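K.L.:
Pulled the feature table from TrEMBL, pasting it below:
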BINDING   LYS7, PHE8, GLY9, GLY10, THR174, ASP175, ARG185, LYS210, VAL211  ATP binding site
BINDING   THR47, GLU74  substrate binding site
DOMAIN    268-344  domain 'ACT'
DOMAIN    350-423  domain 'ACT'
Amino acid sequence: MGLIVQKFGGSSVADAESIKRVAARIAASKRSGQQVVVVVSAMGDTTDELIDLANQVSPMPNGRELDMLLTAGERISMALLAMAISNLGLEARSFTGSQAGIITTSTHGRARVIDVTPGRIQEALAEGAIAIVAGFQGVAQDTKDITTLGRGGSDTTAVALAAALDADVCEIYTDVDGVFSADPRIVPTARKLKSVTYEEMLELAASGAKVLHLRCVEYARRFNLPIHVRSSFSNLEGTWVVKDQPEGGSMEQAIISGIAHDKSEAKITIVGVPDRAGVAARIFQAIADADVNIDMIVQNVSAAATGLTDISFTLPRTEGSRATSIVQKLQGEIGFQSIQYDDQIGKLSLIGAGMRSHPGVTANFFAAMASAGVNIEMISTSEIRISIVCRQADVERAVQAAHTAFDLDADQIEAVVYGGSGI
Ligand code: ADP
Ligand code: ASP
Ligand code: MG
């Protein structure tokens, strides 16, 4: 008997009707003879609403308590889904992340899965039940406190469980028909990819294509577990995230597989930094000590007359004020002139394994930006990715221009967004 893990995102379980629709879908999988484990997210925008609530009672909510609060969202949907399934005549048992054996580090708000001990899930399956697991949460190995895995983390719960249970596939059900060549919310002519490699999907997810949580892709690659991203609102075949592209197929040969964008970052510029060994190390060590993740870094050539340079870097906007005050504290020690903070930036990334063997991608990309009137402020690259930073107001226009410039537009509109607010 096959074992399948199915994950349903918030927009797929936004209200009672949706929960019943999803329950029917799960029941059909079970009745087709498979063992079924379901991972479910909080209903609709519940997580955002809970965060708002926390901010109303405290400007800086305590991490432990915030995690305790947020995990309640997934507990609501898991119990309702189990009830809806039993109403269809099948046995379903719900489990919190902790009960399902999702063991994590103790960093509240972005804990990492370090072990999965799904004994209770296996028991439920052996007894013929469908197991429903609350996504996005676990329990810390050392403190035993409840943790969350970061926004979008239910995808990672699903893949981690699928790997631990040796499932045949992890199905991620969402509000679009698969992974598209760009976010269907801003590029209506985006194409659905039949398949995408772990390598490309990692770059897409890391660059802001939130259709899959980055960690879930890392996990799937480590265990070579296929992910099938598809819609819970249609029966269409979705996108397979796999190790290698299958032979043939037109999209598979495209130089660019997809374009991701990200409007959630900010830029800090440190102006007039003395250009000598050890200064950059001092700045970035202080930021790392505060556990702030930075993304792109650019350092200008120092002006010959002054020996001073400017250093800019991007980081999640949510960390912006914390990082600014950390750098500010170094001003006396390092002697830089000033700090500038810019939260009106956007990032655009072109991703494709074909870039390795095709020169000229950067030139085409920049030409497309020029004709769209988009000014490039920062650039970074990997072997299969080119990213730029531009004004946030220009991002959507820039994505559309690059999409057309690389011939990614579909002949017929296939990018349907079935639900969700896209927050
Ligand atoms: P869920 O609630 O199911 O986890 P998410 O909102 O996290 O759903 O992810 C689905 C959304 O990801 C889509 O509605 C879409 O707007 C967005 N998205 C961004 N980039 C892409 C892409 N390349 N392909 C498909 N969806 C994308
Ligand atoms: N409910 C959580 C969030 O909104 C986790 C998830 O949906 O994956 O981020
Ligand atoms: Mg998601």
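Every residue gets a Cβ built from N, Cα and C, even glycine.
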K.L.:
Taking all residues of the domain 'ACT' (350-423) together, what is their mean pLDDT?
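P.N.:
Over the domain 'ACT' (350-423), the predicted model scores a mean pLDDT of 92.
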K.L.:
Which binding-site residues out of GLY9, THR47, ARG185, VAL211 lie by ligand 3, going by a Cβ under 6 Å?
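P.N.:
Checking each Cβ against ligand 3, the ones under 6 Å are GLY9.
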K.L.:
Can you count helix, strand and coil residues in the domain 'ACT' (350-423) using DSSP?
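P.N.:
Across the domain 'ACT' (350-423), the residues distribute as 30 helix, 14 strand, 30 coil.
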K.L.:
How big is the Cα-to-Cα gap, in Å, between ARG185 (ATP binding site) and THR47 (substrate binding site)?
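P.N.:
Cα-Cα, rounded: 21 Å.
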K.L.:
Cβ distance under 8 Å to THR174 (ATP binding site), same chain, sequence separation 6 or more: which residues?
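P.N.:
The list for THR174 (ATP binding site) reads GLY9, SER11, SER12, VAL211, VAL229, ARG230, SER231, SER232, given in order along the sequence.
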K.L.:
With the ATP site defined by the record as LYS7, PHE8, GLY9, GLY10, THR174, ASP175, ARG185, LYS210, VAL211, how many Å span the farthest pair of C-alpha atoms?
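P.N.:
In whole numbers, the farthest two Cα atoms are 21 Å apart.
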K.L.:
Measuring Cα to Cα, tell me the gap between THR47 (substrate binding site) and LYS7 (ATP binding site) in whole angstrom.
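P.N.:
Cα-Cα, rounded: 17 Å.
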K.L.:
May I ask which of the binding-site residues LYS7, THR47, THR174, ARG185 have a CB within less than 6 Å of any atom of ligand 2, listed in sequence order?
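P.N.:
Among the binding-site residues listed, those whose Cβ sits under 6 Å from ligand 2 are THR47.
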K.L.:
Can you go through the binding-site residues GLY9, GLU74, THR174, ARG185, VAL211 and pick out those with a C-beta less than 6 angstroms from ligand 1?
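P.N.:
What lies within reach of ligand 1, judged by Cβ under 6 Å, is GLY9, THR174, ARG185, VAL211.
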K.L.:
Provide the three-state DSSP residue tally for the domain 'ACT' (268-344): helix first, then strand, then coil.
P.N.:
27 helix, 25 strand, 25 coil
K.L.:
Taking only the Cα atoms, work out how far GLU74 (substrate binding site) lies from LYS7 (ATP binding site), in Å, as a whole number.
P.N.:
12
K.L.:
Please report the DSSP secondary structure of THR47 (substrate binding site), reduced to three states.
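P.N.:
Assignment for THR47 (substrate binding site) reads helix.
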K.L.:
Please give me the CB contact count at 10 A for GLU74 (substrate binding site), counting all chains in the structure.
P.N.:
29
